[in-house]
Each structure stands twice: as C-alpha cells, then as structure tokens.
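To start, the structure itself, in structure tokens.
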C-alpha cells in the first residue's frame with residue numbers, strides 16, 4: 001500500500017492540509033438523531049473506546065463492543081471494562097455483520113490487522129469510523145468503495161472526554177470524511193451525529209480532513225506536547241543537580257512545574273503565563289525563548305518535513321515490523337535517567353515558586369508552542385488546527401508528568417506519539433546543551449531579583465507576546481469554549 005498523502009498532487013495536498021472550518025452550533029441542532037435506531041459497534045475498549053462508548057450510550061445510541069475471540073475467552077481488560085459497564089460484547093463475527101457504523105478505536109499499530117479483519121464482515125453500505133487518521137493517510141489502507149469512512153477526533157484523552165460530558169459539556173473535536181469513501185454523501189451527517197453523541201459539539205468542532213488531522217497531530221505530539229516536555233525535563237533536572245540543588249527538590253520543581261505553568265497557559269494563553277512573572281523575569285523569559293526558537297527552528301522544521309514526506313511514518317512502521325526494537329530501547333533508557341529515578345521531595349512548593357524559579361521552563365514552553373504553531377502554519381495547516389495540536393493539548397500532557405513523571409506520559413500517549421517523542425528528545429537534548437551551559441543565575445532554580453526595567457522594552461515585549469498569531473486565534477477559541485460551557489451549564 002502507498003502512503004495516501006503521497007498519491008495526491010500538490011494542489012490536492014495543499015487543499016487537504018488547509019481544510020479547517022469552525023462549525024456553528026446550529027449545525028448540530030439534530031444532535032445524534034442520524035445514528036439513533038442504528039447499530040454502532042466499537043472495536044477496542046481502551047480509554048477512547050470505553051469513554052466514547054459511554055457518552056454515546058448516554059446520548060441514546062445502541063452501542064456494543066466487538067473484541068477478538070481470545071480477549072473474550074481469556075477475559076482480558078477490554079472484555080472486563082466493557083462487561084462491567086453493562087455493554088453487549090461479542091466477537092467480530094457475531095457483531096460486525098449487523099453494524100451500521102463500525103468504530104475502530106484500537107491503537108494505530110493494530111489498525112491494519114483490525115480493518116482487514118472487519119472489512120469482509122461489514123454489510124454493504126455500512127460506515128467505518130476512526131478517531132485518528134494514521135491508517136488511512138500514512139498506511140494508505142484501502143477501504144471498500146461501498147463503505148463510508150469518517151473520523152471524529154477528540155482533542156483530549158478518553159478520560160477527559162467522559163468527564164466533560166458528565167459535566168454537561170464536551171471537548172474540542174475535529175471531524176472529517178475521507179473523500180475517497182463517501183458513496184452516499186452521508187459521511188458528514190454520520191460524523192456530526194457521532195460527535196454530538198460524545199458531547200464534542202458543545203465545546204467546538206472543526207470540520208477538517210484526514211490529512212490535516214494526521215499531519216498536525218503527529219507534529220504536535222512529537223515536538224511541543226511530548227518531545228519538548230521530555231527534553232526539557234531531562235535538561236533542567238541535570239542542570240539543577242549539577243549546580244548543587246537537592247535532587248529531590250529539583251525533581252519536584254520540574255515534575256509539577258510543567259503542570260502549574262501550563263494551567264496558566266490553559267486559562268489565558270502565553271500572555272497569562274508570562275504575566276505570572278515579575279517584569280524582570282518576564283523580560284528574561286522572553287529573551288531566552290527567542291534564543292531557543294532560533295536554535296530549535298531547524299529541528300522543528302525537520303520533524304514537519306519528515307511528517308509531510310512520510311519519512312517519519314515509514315521509519316516507525318519499520319520499527320513495528322522489527323518488534324518495536326527502537327521504541328522499547330528508548331523507553332528503557334528513559335526509565336533509567338536521573339530524573340526518573342530521583343527521590344521524591346516531601347516538602348511543599350508554593351504555586352508562585354514554580355513560576356519564579358522556573359523562568360527557563362516558561363521560556364521552553366513559549367518557544368515550543370510558538371515554534372510548533374508557526375511550523376505547522378508554514379506547511380499549510382490552518383491556524384485553528386495548529387492551535388489545538390500545540391497550546392490546547394499541552395496542559396493535558398503536563399498533567400500526566402505530574403502523576404508519575406515521564407513514565408506516565410509515555411504510558412498514556414499512543415505508541416505513535418511515544419516513538420516521535422523519543423526521536424525529538426534524543427535530538428533536542430544534545431542540541432540544547434551548549435545553550436544550557438550559558439544560563440545565568442535566576443534562570444532556573446532561583447528567582448530573578450526585582451529591579452528597574454526599561455518601560456519601552458517592557459511595552460515592546462508585551463506587544464510581541466500578545467500579537468502573536470497563536471494568541472489571537474487562541475483567544476477566539478478559548479472564548480468560544482467558555483461561552484459554550486456557560487450555555488451547557490445554563491441549559
């Protein structure tokens with residue numbers, strides 16, 4: 001099979017990369033009605049599989065789970081989760097032939113085997129759903145022409161999808177119809193009903209394409225979302241300890257620092273995150289972030305180039321075929337790093353202390369978010385998509401590090417994200433070591449003293465922060481989510 005994106009001509013590639021439309025609330029007036037009375041069969045019962053299924057059932061849809069025969073007979077975790085939540089469970093052969101919509105929510109690595117198993121069992125005119133388009137775009141999976149292929153991609157982990165639904169809200173979501181598989185022209189109606197059933201329509205929906213979702217998703221997770229957090233954690237910890245900081249304190253400052261810093265990012269973007277600093281610290285964080293952007297820009301561009309060309313995917317799929325040798329080696333090496341094995345700090349670190357003593361970490365977040373966004377937009381991805389795949393998801397990933405350090409992050413994210421994370425961090429750590437050697441007192445681990453600042457310089461820095469394109473689009477999208485949340489709570 002050929003990489004689907006590489007079979008398109010340049011005009012088609014640009015059109016699909018640039019497909020992004022923020023959908024109005026009135027477009028979801030019918031809710032999930034298009035799928036009511038139809039049979040929806042979910043394949044896979046992991047975090048997305050279970051939590052999307054719970055939401056869809058609560059929205060009035062007929063949901064069941066198709067699992068491999070051995071998963072049922074051996075009562076594996078997927079079988080236990082589905083049955084404990086009261087769902088009907090059966091084998092592929094028992095459930096797929098009656099399904100109107102088959103939703104494939106297994107890991108990327110399993111998609112080809114799953115799709116090749118279920119396709120022959122699907123009835124004529126049925127629909128196949130994904131929450132990530134890797135199998136279609138990068139693997140180039142060929143789907144029967146009578147089958148409609150759609151995507152609903154929540155921009156949050158599965159647990160968050162469920163929690164927001166229970167609060168009467170939802171999570172921002174991308175939806176798409178594969179242009180090669182929409183024989184009856186009903187793909188968008190199916191996708192809209194599916195996303196409404198998950199609650200995503202209450203938080204904002206982007207009509208996108210399989211191509212735009214995959215290329216932007218890969219770029220975000222490899223660079224700012226996972227790779228930058230891993231590289232930053234290792235670099236900052238080693239720097240602190242080398243300068244005499246207690247390893248336990250250094251570990252806590254970093255482990256919980258990312259979450260604290262990005263909580264401000266979630267509420268008010270880069271502007272609010274930078275506003276948490278004193279004026280001298282803000283000026284220093286800005287200067288550091290500009291240096292970091294200059295150093296890292298070629299690395300971010302290389303990752304985007306390799307994602308667009310398919311070089312990244314072909315390399316990762318070769319590792320799949322080699323029993324994940326590279327992935328497992330990198331995972332083991334990460335687990336042995338000084339940061340991962342450092343003792344826990346029993347004392348308390350106040351919220352503001354994370355900002356005051358983490359100026360470099362704030363600079364890394366700012367540089368990484370802006371670079372990921374800029375690199376995606378320069379490659380033809382629309383700003384709204386680039387925002388969701390950079391700034392929006394960062395607090396969610398930072399939260400996983402706060403739970404169990406890098407181990408937890410790499411367990412929670414997909415194998416695809418983990419592989420890309422290692423590629424980036426293994427290149428980024430040596431790249432930034434000369435920069436780390438030139439840091440000044442107050443950049444990390446101690447606060448920058450209060451002092452006089454140049455008013456004109458502070459004005460210009462504030463203007464530069466606020467006028468960046470990601471701040472403009474972010475303010476619009478966060479405002480929409482806030483407005484929608486008020487409506488959901490009120491109604």
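Glycine is no exception: its Cβ is also placed from the backbone N, Cα and C atoms.
Site annotation (Swiss-Prot): Mg(2+) 2 is bound by 389, 393, and the candidate from 124, 146, 182, 217 recorded at this site is 217. What Swiss-Prot records for the NADP(+) site is 45, 46, 47, 48, 68, 76, 78, 108, 109, 110, and among 140, 158, 168 the residue it adds there is 158.
Cα of residue 414 (substrate binding site) to Cα of residue 221 (Mg(2+) 1 binding site): a span of 10 Å. Cβ-based neighbour count (10 Å, all protein chains) for residue 217 (Mg(2+) 2 binding site) stands at 26. A gap of 8 Å separates the Cα atoms of residue 389 (Mg(2+) 2 binding site) and residue 221 (Mg(2+) 1 binding site). DSSP gives residue 221 (Mg(2+) 1 binding site) a helix state. Cα-Cα distance from residue 393 (Mg(2+) 2 binding site) to residue 221 (Mg(2+) 1 binding site): 9 Å (rounded to the nearest whole number). Sequence-distant contacts of residue 221 (Mg(2+) 1 binding site), defined by Cβ-Cβ distance under 8 angstroms and a gap of at least six in the same chain, are 227, 389, 413, 414, 416, 417, 420, 421. Residue 414 (substrate binding site) counts 18 other C-beta atoms within 10 Å of its own C-beta, drawing on all protein chains shown.
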